[in-house]
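Trainee: So TrEMBL says this about it:
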DOMAIN    1-108  domain 'Response regulatory'
MOD_RES   Asp43  4-aspartylphosphate
DOMAIN    130-195  domain 'HTH luxR-type'
Amino acid sequence: MFRDGVVRALLSSGSIDVVAEAADGTAALAAIREHRPQVALLDYRMPAMDGAEVAAAVVRDALPTRVLLVSAHDEAAIVYRALQDGAAGFLGKDSTRSELVNAVLDCAKGRDVVAPGLAAGLAGEIRRRAEPEGPVLSPREREVLTLIAAGRSIPAMAKELYLAPSTVKTHVQRLYEKLGVSDRGAAVAEAMRRKLLD
């Protein structure tokens, strides 16, 4: 029912051709591969493959189609995941016909599209994900971490950093506390998990 209304809205615009329709994600991906449209307007929630999975496959296969997703689900994490997976845009199912048409046309011109009502939540999700996991390490603690990963002893670190061995021990203890570990091996493993080591 929703799909029929969308198709009518796109066709009545006079500037958009609908080359295929699909009932599930697998059929949608097959239609994209066959017809290679400029834009594929897909429901986020589809049987077989969801819209984000289709978008990821389109990007992976380097197909020329830009995927624009429509969903009744407007949680920021869902929108973020869809865009991360390769979707070129995300609209709510409450979008008007003109918003859908304009979004498809904008997408065809290479623009990314996010419904204004979703943008604030998406910005918050981006900020949340950009925050470092756990406490932030000081520059000195990062130096100590790098030397621990290189297998240096406390005396060797003290010499290299021009610090007293007791000061290095204090930095190591603080580093362990921040990482929630109690030994060198665990510190290096946790630092790698958090991408603190190059």
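Every residue gets a Cβ built from N, Cα and C, even glycine.
Automated prediction, rather than curation, is the source of TrEMBL annotations.
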Trainee: Let me know how many other Cβ atoms fall within 10 Å of the Cβ of Asp43 (4-aspartylphosphate).
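Mentor: Summing over all protein chains shown, Asp43 (4-aspartylphosphate) has 22 other Cβ atoms within 10 Å.
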Trainee: State the mean pLDDT for the domain 'HTH luxR-type' (130-195).
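Mentor: Value for the domain 'HTH luxR-type' (130-195), mean pLDDT as a whole number: 88.
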Trainee: In the domain 'Response regulatory' (1-108), how many residues does DSSP assign to helix, to strand and to coil?
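Mentor: Summed over the domain 'Response regulatory' (1-108), the classes give 54 helix, 15 strand, 39 coil.
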